[in-house]
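Undergrad: Can you read through this structure? Questions will come right after.
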Amino acid sequence: MTATAPVITIDGPSGAGKGTLCKAMAEALQWHLLDSGAIYRVLALAALHHQVDISSEEALAPIAAHLDVRFISHSGEIEVILEGENVSTEIRTQDVSNTASRVAAFPRVREALLRRQRGFRELPGLIADGRDMGTVVFPDAPVKIFLDASSEERASRRMLQLQEKGFSVNFERLLSEIKERDDRDRNRAIAPLVPAADALVLDSTTMSIEQVIEIALNYAREKLALV
């Protein structure tokens, strides 16, 4: 880990467009990328595969401490590797996503994964995608962005994303799950989903992803004095 490597944190709720924004910024700046949400999904998947009780913090903590996860950039996409296996598609199912939100609420699990996430900080810089990147994981990050959107818009985006991957989804159920997840994430005792005090807050509800990327890149370059 290089303590001097700059970090740009992108926080926000599920479906706001963080993943697309982070990939675009990482490519534009040629920086490393951390999808912290993927780490929690990988943990959720590992727990499901090993039939670990996802309601047991004691059972989950050691799995989190020794989680073998890597991110590999390949053909413009980020491959998520768990114990040598590409699980990029498997971790994006709604069941795994909902499980990830539940396991993320445990303090010991977050502590174990916190150390792992900070290990991704390397030169020339890191784009960190998550929910508490700017408030907990990288509080010293020079650039912090909080990306939001209405729950209805996020449900629509998620439905299209899942349909493109061949999954059958119900909009009302998806919207309900997103609202429930928002409530858990915003009101949990440990690292709730809130913008950092010094974050730029972007509401992408009525914005194209191209507009969001342009605003975020211009803001980051200005803050970091990048050409």
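For all residues, glycine too, the Cβ spot is worked out from N, Cα and C.
So Swiss-Prot lists the following for this protein:
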BINDING   G12, P13, S14, G15, A16, G17, K18, G19, T20  ATP binding site
Undergrad: Where does K18 (ATP binding site) sit by DSSP, helix, strand or coil?
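TA: SS state of K18 (ATP binding site) = helix.
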Undergrad: Near the ATP site, what residues other than G12, P13, S14, G15, A16, G17, K18, G19, T20 in the same chain have a C-beta no further than 8 Å from the centroid of the listed C-beta atoms?
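TA: For the ATP site, the extra neighbours are L21, L147, A149, R154, S204.
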Undergrad: Taking the Cβ of S14 (ATP binding site) as centre, how many other Cβ atoms lie within 10 Å?
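TA: By my count, 24.
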Undergrad: If you count Cβ atoms within 10 Å of the Cβ of G12 (ATP binding site), leaving out that atom itself, what do you get?
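TA: Result for G12 (ATP binding site): 26 other Cβ atoms within 10 Å.
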Undergrad: As a test of the contact definition, list every same-chain residue at least 6 positions from A16 (ATP binding site) whose Cβ is closer than 8 Å to its Cβ.
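TA: Residues satisfying the criterion: L147, D148, A149, R154, S204.
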